[in-house]
Amino acid sequence: MAQFTGRVVGDYLVGRQIGSGSFSVVWEARHRVDGTEVAIKEIAMDRLNKKLQESLMSEIFILRRINHPNIIRLIDMIKSPGKVHLVLEYCKGGDLSVYVQRHGIVPEATAKHFMQQLAAGLQVLRDNNIIHRDLKPQNLLLSTNENDADLKIADFGFARSLQPRGLAETLCGSPLYMAPEIMQLQKYDAKADLWSVGAILFQLVTGRTPFTGNSQIQLLQNIIRSTELHFPGDCRDLSLDCIDLCQKLLRRNPVERLTFEEFFNHPFLSDRQSYDFSRSRLGLRTMDGFLSSGSSPSRNMEESSQEDCLPFLLDDDSSGPEGSPSYLKKTSSMKSSSGIKVDTRIERKEVESSPLKHTELTSGYSSFNQKVENDRFRFETQINSDRRNRREPTGLTDSRSLIAPGRVDDSQDSMDQDFVLVSGPPVDMPSSSSSSSKPYNFPFKSQSPPVELFNRSISSTAPMPIIGATSNSIGQFGSLDSQYSAPSTSHGSLDLGDAFEQPSTHSLTRIRSLRKYAATIAELVYERIESDKHLEAFSIQLAILAIWKQALHICHTQAISGLEGSPSQDINKLRSSSLKHDTHSSNKVTDLSHDGSEEISSQIQRQFIQEIELAEELAKSIEPGNTKMPDAMETIFEAALDLGKLGGVKEVMGDTENAGNQYSKAVRLLVFLLVEAPMLILNPPLSLTNSVRYRLRTYIDFLSRRLKHLQSHRRSSAGQMQGSSLAMMNRQS
């Protein structure tokens, strides 16, 4: 070891610097008692934004519980003012890229040895719901310099997020191993890792990468133009199994690419030793409300279709994540003290690319954009076991469930995410399976025609009729504003009265709901404006205009036809309640005309005009040449999943207040998609299939139960605190 520098971090003596990045420095170190050599990554937390800090801590929370010989071990985390030190396993052999530079073309037997170890590590990650989105030789470390060294997967999100991405590194590093669907900013899933594995194997046995280019654009063009994988003429001695594996991993269309199960069982890796699943899983303790983390990794198709239930990728760039990104559930595979399970398997032809209509479901997320952000974490509920107990069918019309695809918000974000935490993916289907053609897969295949989650058929754009199931009286509500609370203020204010799949027949109740939907969706617009995603913001803003237009239509229809029998009665109740609860509110209904709707209509008109002005401003910022308008409904759906994911992260981290806020907004968006969106004046109109409705109801039910759990927990905690205070007062007296 290099000369001791005199620095001490925890129980470790710090030696020479062995690496550095924009926000981190890596040091060689030695335990001062037993002499164990380690690598210490020193991260300057004050240089990370809040999202990166959360993603980093979330990833650490997960990775500390993975113990496998083919994954770099996180030994300890040491905090100091302004810094976090990650104590990592030290690998004397350096990384695989150095090995390749030193040896050139490696014997097939050696390549097989490394591939078997890489496969074992990937299987562990997959069983723990982790997608490593930056597999390349530089991120594969070797325990020694020998040909039989242990290979260890490293840099789970930290390196990508913390290191500068200069042009040279961008062109010479990740893109050479990056799946084409990622470079094209399409939806992608764990199969992107398999492309990277194929590129690494190809380089090991041929001495060069499968595709090259003078720029990333040219590299992508070369991949797209290729019709088959070409091996150099001096590689005639490669076995058929090796060639077959390379060809099947490097399929441009991820739908045609091998599934993970097919990869793990490929003849080229057939003599790989199996590992103990129980040891590789996250050692997360079970908490009430969460599925156990030790669930079996193998699931049949029926179970898988149901377990797809909460595709929250804690990936945040989302986003994830994820994380990110990402966490646990007592009733799920991962757990939190509240009840969210994070399933254990990742792959998916599903999460892959999810182009709904014109847009793809996006991250990130990345979930945790960074790691856990990057980690897209999907929370799976107890619904599967509950259904089995009730003997309800577990299969859906289309076996694939809505899997939140790893969102690729922008190229830099997508590159900054190293792995995604997702809830257990559906059982792998052979690459030749016809299942990919099923009509409403949430997971969209990146190379195949877009598969729509929401069926958008062009038809008349006339105002939708005001129909709906019977609802409770609106007398409990004040004015449109007096009882309204911003979506982020309290998770106890969520109104689920419209969750019967049909809008309320009470005009004021429905208008109030529309207003809350618009306010929540408006947050998405401003988030995208801040991220310079003006086209996406404009698309969502048009949906908000449709909401307010529907509200105006309700007012006009009520005034003309008295649809609810006695409209003035509801209006008067509203006015009475408003005067009682908020006599000083500038927004209350103070002067109603004979039909009672004039003032409310005026308020809505003013809001509608404001939204039009914002839409006009957004339209000015859209660059010419943008021919495809993102699908606002898909964007809203993705946002709901991201919010649910973030709520799960907050819940696991013990921040129940914010968890409830995120759950509340997620439910509101999902209820909007289920109840109101199909009724809006959209072109083309939104049409939901029964299977999509079922999924939306499932998500709403799950998140609503999480909300109820948090509220119950808070009431219980408050009661205990009050009891303790009374007991203390009694003792003092």
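Cβ coordinates are placed from backbone N, Cα and C, and glycine is handled just like the others.
According to Swiss-Prot, the protein carries these features:
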| type | residues | note |
| --- | --- | --- |
| DOMAIN | 12-269 | domain 'Protein kinase' |
| BINDING | I18, G19, S20, G21, S22, F23, S24, V25, V26, K41 | ATP binding site |
| ACT_SITE | D134 | active site, proton acceptor |
| REGION | 292-363 | region 'Disordered' |
| COMPBIAS | 329-339 | compositional bias 'Polar residues' |
| COMPBIAS | 342-360 | compositional bias 'Basic and acidic residues' |
| REGION | 379-414 | region 'Disordered' |
| COMPBIAS | 379-393 | compositional bias 'Basic and acidic residues' |
| REGION | 565-596 | region 'Disordered' |
| COMPBIAS | 566-577 | compositional bias 'Polar residues' |
| COMPBIAS | 579-596 | compositional bias 'Basic and acidic residues' |
| REGION | 713-733 | region 'Disordered' |
| COMPBIAS | 717-733 | compositional bias 'Polar residues' |
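A Cα-Cα distance of 18 Å separates S24 (ATP binding site) from the residue listed as 'active site, proton acceptor'. All chains included, 25 other C-beta atoms sit within 10 angstroms of the C-beta of D134 (active site, proton acceptor). When secondary structure is read from DSSP and collapsed to three states, D134 (active site, proton acceptor) falls in the coil class. Look at the Cβ of each of the binding-site residues S24, V26 and count the other Cβ atoms within 10 Å; the largest number goes with S24.
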